[in-house]
Amino acid sequence: MTSLDIAPFANALVLGLSIASIWLIAAIGLTIIYGTVGVINMAHGEFIMLGAYTSYALQSSLGLPFLLCLPASFAVVALVGLVIERGLIRYLYNRPLDTLLATWGVSLVLMQGVRLIFGSDPKYIAVPEIFQSNVEIGFASLSVFRLVVLAITALIVAATAWLFYRTRFGMQVRAVMQNKEMAASFGINADRVYMTTFAIGAGLAGVAGSLFGVLAIVLPTMGTAYVVQAFLVVVVGGGTLMGSVAAAGLTGELQSVFAFVTNDTFARFLLYVLIVVFLRFRPRGLFAVAKGRR
Amino acid sequence: MTTRNLYHSKPAQWAVYGLFFVIIALIPAFVSDGFLLNQFAVYGIYGMLALSISLCWGFGGILNLGQGIAFGLAAYGMAMTMQMQSQDPDSNPIPPFMLNNSLEHLPWFWQPFWSTGGGILLALVVPTLFYVVFGTLMFRARVSGPFFAIMSLAMLSAFATLILDMQPYTNGANGISPPSPLSIFGTDIDPYGPTAYWIVCGGLIAVTVGAKLLTQSKFGLVIQALRGDPERVRFLGYNVALYETCIYAISGFIAALAGCLWVMLIQYVSPAQLDTTFSIGMVIWAGIGGRLSLLGAILGAFLIQGGQSYLGDQFLATWLLVLGAFFIVVVRFLPKGLAGLLEKVLGALARQPGKHARSDLPHAISGAPAAGE
Amino acid sequence: MGVLEIRDLHKSFGGTKVINGFSLDVTELTLCCLVGPNGAGKTTTMDLITGRQKPTSGSIVLRGDDITALSEHEIAQRGIGRKFQVPAVFRELSVRQNFEVAYSREVNPFRNMLRRRPAGFSAKLDEVATLTGLKDRLDVEAGFLSHGETQWLEIGMVLMQNPAILLLDEPVAGMTESEIEKTIVFLNELKRTNTLIVVEHDMGFVRQIADVVTVMHMGAFLAQGKLSDIENDPRVREVYLGEPEV
């Protein structure tokens, strides 16, 4: 095969990596929340959307440079997440289906709230010129911004892994995940752990949103497009960090390859069917959360 | 707690249901405006959808966020049937939108819809069959509740994008608009006439009676038991996955029926019928009305959809915001919805002082059962 | 040839071996008590018999039929019932409804859609409700029962199910003295029509009900016989009490 033949396929593989990083960064906040607290947060898409609007608002009103908008979005959305956890989620921990529904209500409120405040017209987030060009990697071509997303995703995954496996806080989280009562008897404030974890998960969604606001346009409804994808990463991955990385990588590459072979839509349909079949044989996902016996 | 709560009395329940049936059946006698009649009939469809969710989620504990799959697929099937009714095999075999998309022959999966009976049958059977397969896969694997909910949502979105993208075959985002009303046995069914209304009304009544009898049967009892403790039910000898698939498929069939009737009324279908917001909306109707009450769910749909039409597009954003907030309140404080509120009120009225049939105290103190041996 | 034959059962969870070559023959219409120190594998054995877990190797044979690979409900249909350590009842349903679900002669969902009160149910309900002392509590929501009543409800449910072999996991845990007395009478009565396997720690209770006692240790069979023989067996004493003092 000449290099001309494998180039488009290689391009698909590289693009798959970019898609995987988008899925992963969209899902990482959700993974943390589900893995620790066991909550499926239907408002996750709206946390992403809030991150995008935060960056837009900071940029248009304060002229904040894009790279500073990222941590700012983290902080703002984390705060929103905190309020929602304290005000609602913590009363529903033993009712997983009801939490799913209550957070859907939250998503409606957030979406419509943003619509009333900012309007339904699309907004745009500006990025430095250098991010807008394309770069050649061997025979594959990718926009610089997608590389930035890839880099930031890797950074966030590393930081999250460090937080959960190398710090004292992370150990507390893992203890609470395994056995809440026992952890409490050792003096760990499970309530605080849940609250902080939820806030961090929300904040990460905010960062993802800032990035997505550049990749796509900023609309009140932008979150819904990422929600299903993010959920699937968590479902297939099983709820652990490693699981989500593996799931995002697998599904991102599969989607890109399928799209290369057929078309974009049929690729997605095929992928979802594959996931359903996969779940039949491994209902808890690739690397499921190891919960202790109750 | 051995005093009788009127809410739980079966004869009282059937009486209320009967009253409801009589009221909705009599509406055409008081309403002559065809447009309004059509609108009421559409509410009836929403009621059927809410009922199907109540059956599956309230009674069975299976949260299904993708009911639009059955509703939408059946709606497309019905639209295809009605479209082919206006086509002629010799002079006009291909729907106009396909010609616009440069199709020269009728696609193979459109062929069965030449027959009205066959088309309607397919519209009902295919979605139900999908539910049977999907349900079997998921329930035999004992996938957790939230995961199942998400998978149903994912499949819904997958179907929606598929239909949207198959432009030449489904007319994509434009949807299918059959030019004439449904024709059965040679007669046209005017969507704005009382006949169409009564067909929907009859459908709603039949489905409600069937569902209520189902919940009162042994099957219904097992379903409610497995909602609480599926493992215990397994150890008693019941094939839980089979029961779950049954209730899920029955719920899907009702949604499919609703989809067919909807197209009969609206003469249009588009990928919007497979919108995630619409499917989740059905859960909100049932949740607010009362997921454990079939009539509650139906009335919940009437209330919310009625409110939404009344407030119109101008206040839509605010309406949705208020709805979202109200839904949060219901989930948090009123898990059994407004029907549950009624249950509590009637329960409180029944427990008036001096009317105690038995005090619970002696049992708690002695710990020994009081019956003689 | 017993009604239930367990042959060389092995079960590992990850790297830990929980059941290590356990074999047991259960004779029909006897009450066999399964005892042993914590972690001996008693509850796991019950899980394996009822199909909640699958053994790594070994076989379980019920009246000549190999049930090792069957699922929980198939095993239950073949006549094995179980009462859990923590009472598992349907808290949102009434006592009567709990009994009704437990009356599982007919498990086919389609036939159950068409019927409401199966034949023979009312008589059996009367019998069981009287026996368990819940006759006046039939319309109470199960979640509102006292702990002892909940235990009796679950016992009643298993009676409604009427399995040939009944597995009871610590049935008197949390019961008052009088309730335990009542349970002893009731189990001795039940021995005449059903086969019972009881996991227990309370030796006084075991003494009053057991026909044969089987001791498990580290996932394997240690000793079997009448309680008096077991109590004097040096190996058993060693396992429970440690090395004998010199």
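The backbone N, Cα and C atoms fix where each Cβ goes, glycine too.
The transmembrane segment annotation in TrEMBL covers A:12-42 (among others). For the transmembrane segment (A:12-42), the list of distant contacts is 48, 89, 92-93, 96, 99-101, 103-104, 106-107, 137, 140, 142, 146, 149-150, 152-154, 156-157, 160, 173, 176-177, 193-194, 197-198, 200-205, 207-208, 211-212, 215, 226-227, 229-231, 233-234, 237, 239-241, 243-245, 247-249, 251-257, 259-260, 289: same-chain residues at least six beyond its ends, Cβ to Cβ under 8 Å.
Positions annotated as transmembrane segment by TrEMBL: A:62-84 (among others).
Counting only same-chain residues 6+ beyond the ends of the transmembrane segment (A:138-165), those with a CB under 8 A from a CB of the stretch are 3, 6-7, 10-11, 13-15, 17-18, 21-22, 24-25, 28, 32, 70, 127, 130-132, 173-174, 200, 204, 207, 211, 214-215, 241, 245. Per TrEMBL, transmembrane segment is recorded for A:138-165 (among others).
A Cβ distance under 8 Å defines the sequence-distant neighbours of the transmembrane segment (A:198-219), meaning residues of its chain 6+ beyond its ends; these are 22, 25-26, 28-33, 37, 39, 41, 44, 47-56, 66, 69-71, 73-82, 84-85, 89, 120, 122-125, 127, 131, 145-146, 148-149, 152, 156, 160, 163, 225-226. Feature annotation from TrEMBL assigns transmembrane segment to A:198-219 (among others).
When Cβ-Cβ distances below 8 Å are used as the criterion, the transmembrane segment (A:225-250) is approached by residues 17, 20-21, 23-24, 26-28, 30-32, 34-35, 40, 42, 44-45, 48, 157, 160-161, 164, 208, 212, 216, 272, 275, 278-279, 284-289 of the same chain, each at least six residues removed from its ends. Sequence annotations record features per position, and here TrEMBL assigns transmembrane segment to A:225-250 (among others).
The feature transmembrane segment is assigned by TrEMBL to A:257-279 (among others). Remote same-chain residues near the transmembrane segment (A:257-279) are listed as 8-9, 12-13, 16, 232, 235-236, 251, 285 (criterion: CB distance under 8 Å, separation of at least six residues from the stretch ends).
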